[in-house]
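TrEMBL lists 23-43, 55-79, 100-125, 167-188, 208-230, 242-265, 291-317, 337-357, 363-385, 397-417, 423-444 with the feature transmembrane segment.
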């Protein structure tokens, strides 16, 4: 009887249609490192030093951005293992502050945080692939091909996407190691004039610090993405915090060393005037081999697009599963067990922004929008500690850390509103548009019967076309494996 029972259980598991737990610790590190090291370290040195005007001040911003990323990532580790659901900030904010604030977070992620970096990275990939001399539409077409190819890989197999990420991560680390070695050889030969009087000419005020940090955050962006994939991560209670600590440590060390190498070889004026600081560096130090740098950078950006596609698409999937996006997006491919509808929608939005929008204007709004989301996420961590003290937390970081990160994020948001009110109001206005959308599309449950019939018919038609079904969630299993909350808390 026992053997029959185990056979039935195995058959049920085989018939389950759900996202698989195929991501190991190495995959997790590759996802975070691969997403963070995209175009930022090859472009953002220009943005940082252009704001603060000196090597020393720019290195301080890079170091501070790394410290902030480590502290923020530790806060996300606590939230990720306490609420082991994919979806990242969206799910944490919704759990803490309810469906409306959760939807506004999802609205912002849907249209700004996810698609803008993908479209921008695709355009940067095309520009580096053509040695920074693209023909407008040709570059956009090449970028569109990159997004489409990586979306196809992610649609077919999660493991393929993860293995691809490991390869790309190795290539981009190799490129940065080459830059670091050449820079330190340059210093070792006695050429260190650029590093002397490092703070001379610094321009430090509220505006330059805010926008300098935004440029640094752009380069470090992605440390939160593994939380979007937690339901597919093996042993998340162990592997999530380990992957975060290992990857952020690697990235911070590499970034600081690379910036020292840039500053040793190139003057601040050369860095500011360069459209592609990595290529300017290569032309100065790599001689005939300089042609390799655009290739390395293109591969690096390609890997960032792959990691972003793999991670952010899960936000759409979870948002639909929570009833705040169309039901079709909560479905997964019956054969490949991947969130096919979410990936396709993300592809469509990214391509639309790539061809129709001013990407660089949207990037300026992105930093502000993401800091608003970070402020809400840190607030949700503190609020959940107060409202749900018995929630099982395998990791519980010291209270001063989330308080410090919250104050930092709030300070940047306030400083940006003060220094750049026009951009801030545009971003806040776009977020506010989500309020009527929420009440019309989500909160209003008693829609006309005719509308519901057509909606149901369209969902069924799309299911048949794409061969997708509603998937089960791995989060339930993870939460069953963890100690349950106190009964009094649950009764609330």
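Cβ coordinates are placed from backbone N, Cα and C, and glycine is handled just like the others.
TrEMBL does not curate its annotations; it predicts them automatically.
For the transmembrane segment (242-265), the most Cβ-contacting stretch among 208-230, 291-317, 337-357, 423-444 is 208-230 (pairs under 8 Å).
Within its own chain, the transmembrane segment (208-230) is flanked in space by residues 23, 28, 31-32, 35-36, 38, 40-41, 43-44, 47-48, 51-53, 57-58, 61-62, 64-66, 68-69, 72-73, 76, 79-80, 84-89, 117, 236, 240, 243-244, 247-248, 251, 255, 304, 307-308, 310-312, 314-315, 363, 367-368, 370-371, 412, 415-416, 419-420, 475, 478, which lie at least six positions past its ends and keep a Cβ under 8 Å from the stretch. Panel annotation: around the transmembrane segment (167-188), residues 30, 33-34, 37, 41, 195, 250, 254, 257-258, 260-262, 264-265, 278, 281, 285-286, 293, 296-297, 299-300, 302-303, 306 of the same chain, lying at least six beyond its termini, place a Cβ under 8 Å from a Cβ of the stretch. Below 8 angstroms of C-beta separation, residues 30-32, 34-39, 42, 86-88, 90, 106, 109-110, 113-114, 117-118, 121-122, 124-125, 128-129, 131-132, 146-147, 150-151, 153-154, 158, 161-162, 164-165, 167-169, 171-172, 174-175, 178, 222, 225-226, 228-229, 231-232, 276, 278-279, 281-282, 325, 329-330, 332, 339, 341-343, 345-346 of the same chain, each at least six residues beyond the ends of the transmembrane segment (291-317), sit close to that stretch.
Here the transmembrane segment (363-385) sits apart from the transmembrane segment (23-43); fewer than 3 CB pairs are under 8 Å, leaving out pairs fewer than 6 apart in sequence. Note: the stretches the transmembrane segment (100-125) and the transmembrane segment (23-43) are in contact (3+ CB pairs below 8 A, sequence gap of 6 or more). Within its own chain, the transmembrane segment (55-79) is flanked in space by residues 45, 48-49, 88, 92, 194-195, 198-199, 202, 204, 209, 212-213, 215-217, 219-220, 223-224, 227, 240-241, 244-245, 248-249, 251-252, 255-256, 259-260, 263, 268, 374, 377-378, 380-381, 384, 393, 395-397, 401-402, 404-405, 408, which lie at least six positions past its ends and keep a Cβ under 8 Å from the stretch.
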